[in-house]
Amino acid sequence: MPTTPLLLAALAALAALAVAAYSSCSPGPDPSGKCQRLASTHSATCVDLHLRTCADAAYNHTSFPTPLEHRSWEAVEASPEYTLLGVLHFLLEGQCNPDLRLLGCSVLAPRCQGGHTQRPCRRVCEGLREACQPAFDAIDMAWPYFLDCTQYFAPEEEGCYDPLEQLRGELDVEEALPSGLPPTFIRFAHHSYAQMVRVLKRTAARCSQVAKTYSIGRSFEGKDLVVIEFSSRPGQHELMEPEVKLIGNIHGNEVAGREILIYLAQYLCSEYLLGNPRIQRLLNTTRIHLLPSMNPDGYEVAAAEGAGYNGWTSGRQNAQNLDLNRNFPDLTSEYYRLASTRGVRTDHIPISQYYWWGKVAPETKAIMKWIQTIPFVLSASLHGGDLVVSYPFDFSKHPHEEKMFSPTPDEKMFKLLARAYADVHPMMMDRSENRCGGNFLKRGSIINGADWYSFTGGMSDFNYLHTNCFEITVELGCVKFPPEEALYGLWQHNKEPLLNFLEMVHRGIKGVVTDKYGKPVKNARILVKGIRHDVTTAPDGDYWRLLPPGSHIVIAQAPGYSKVMKRVTIPLRMKRAGRVDFILQPLGTGPKNFLPGPSRALPRSLDPQGAPAQLDFEPPRARRQPASGSKPWWWAYFTSLSPHKPRWLLKY
């Protein structure tokens, strides 16, 4: 199957560096086609490391012969193993980079110190293989023989070393606060990637009882997509505790959201420790995830130009030149197709396998996997370039209309969410016609996305149509990369709107769906009459349904059970979601399924089979599968380098 012209060009360029490739097997390949491992010696003459692909290794000296029996730099550089390390970045579309490359370097150019070679640790190899095997499966490539964890790597007791130890070493260095400043001090300045990670880690350490950091994946250039989480039990989902996320810097040159989320993390921590009752209540009842930078690679491009000098598009895309907010599956078109058909569900729409044939950024994959792993209820993405809050749908219901009001079934709720932000933002409510975003004043500084301008592949539409999550888009101001002196004002304008929006996750109802024995029912559907969009229960049977004020008939059902209906009333002013539990009876055994009388909530219709829609995240392995009996699409590239074909890359 042919690959993209851009990738072919990249591979061709790398091929020019390896025109004399030859087999490194010695004395010859074994019957399986893999190279035999030769015994390596611990005593060696150390020489300077001269390999461009391994220039950022954590050591400067290596030795010959290598574990693969290469006896010169020319032999290493001409080998298919070395060529593979140079192109893995492109083949795997940025996944597991640079970890795999550095792991391979530790075998092709082993560490030499004090006249002795050192072998890398087996545990590092095993951990990386577990994490990266799906990426190899996605392109139908075998795990490289020279990364055999049992053959070329050593156990801890033999004195091995970690070749990835310094991969993020600069991020572990503590950045001391200026002398005399309290720990609650917030530095209203732009943060480099390393500074951002240090601040988030330091904040999580200060509030370890309610905060932790974690990574949801890597950017194309290998930077961790770092999240800081706040909850009463960080690191775990609690029954009926709603999950909310805020994402900044989707476009690398739109940096206000990035900085505001860094400040918000510090603010939440400090105010919690100071006993602020509002913040303590928020963190004790909500699990909050902040991803300040979804596009750290693009940010580096924008930051190199500097605040005030940045162009309108410089750094907008990721390192693959992809607009991350146009890179998600287009489920909106499928929604419009399904919505015209009765008896077909229009929620939790699966991802088409055709999507994986396109270019999918690792940052996009990380977000999709993240929202499939955690049952998010509410989300906001923070952008720059205007001053307005928009909400789905972002893609017009008529594909040829650039501006066309295109509401979701939850139009009323989305407007409430948008107003929760805009109504308390002083600049969004400023009546001056000269202010940024003045053309949105008559609309109350909120707008349906497609009514503003239509685009496909957006993150907000994907959240709504593929999961339970409601996401809005906040444009924080007309200056994409504001000067440092403007950052404090931006924080002051957005602090209350952010808190108000986070509290909106408690609007509506929540509960647990169980069977008659009290066992939770996973993926049960929660339907609301008059709103053709269902939510589903989490693995523990809990659910959250954001709802506007008013009276609603709510239905719970699952395959094999009788459906149960309840009437709930949502008050106009609501601080806490009303609890509405459901007990489902097996079909044919339960009582009458309509429970009359109001149940006051205080402080896609059926598919043809009636089965719940699949929530599964489509793995990339669906992409680029070879036809029966044929070789994978990348095989021609490697076979063009040398008559010694690297059959160890073939899975079959």
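Each residue, glycine too, has its Cβ placed from N, Cα and C.
Automatic prediction, not curation, is the source of TrEMBL annotations.
Given the ranges 209-243, 594-628, the record in TrEMBL names 594-628 as region 'Disordered'. Of the listed cysteines Cys121, Cys125, Cys132, TrEMBL assigns the disulfide bond with Cys149 to Cys125. You'll find the Cα of Cys125 (disulfide bond) roughly 43 Å from the Cα of Glu475 (active site, proton donor/acceptor).
All protein chains considered, the CB of Glu475 (active site, proton donor/acceptor) has 25 other CB atoms within 10 Å. Burial estimate for the disulfide-bonded residues (Cys125, Cys149): highest at Cys125, by number of other CB atoms within 10 Å.
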